[in-house]
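Chemist: Below: one structure in structure tokens.
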């Protein structure tokens, strides 16, 4: 019985994080008119949250990482946008967009981890 209760609680936490992440992503797409900029912003914030979640106590990791960051990030949209640029033979903008997303995402995750280490250290 306790095993099912733990699973139900885990699912509820992921669901709650997912709802918040989805709402945040929707808000960003309404706030930022440029679709690529909105995708970039959502993925950057999601990387920050994922980095923070990596340092959080285990009980928080699933809700923050899989739930909130997972729903906020939009890697499939990034793939479509890169595919559109490549199809249009805009190779340099595609490369810049991909590299910028990767580099800033790594920096954002690092920042999130630093933030989390400070938040949960004491």
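Every residue, even glycine, has its Cβ placed from backbone N, Cα and C.
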Chemist: From 76-96, 97-117, which range did TrEMBL mark with transmembrane segment?
Modeler: 97-117
Chemist: So if I measure Cβ to Cβ from residue 70 (Na(+) binding site) and keep only same-chain residues at least 6 apart in sequence, which ones fall under 8 Å?
Modeler: 17, 18, 21, 46
Chemist: Tell me the Cβ contacts of residue 73 (Na(+) binding site) under 8 Å, same chain only and six or more apart in sequence, or just say none.
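Modeler: Result: 21, 25, 42, 43, 46, 47, 50.
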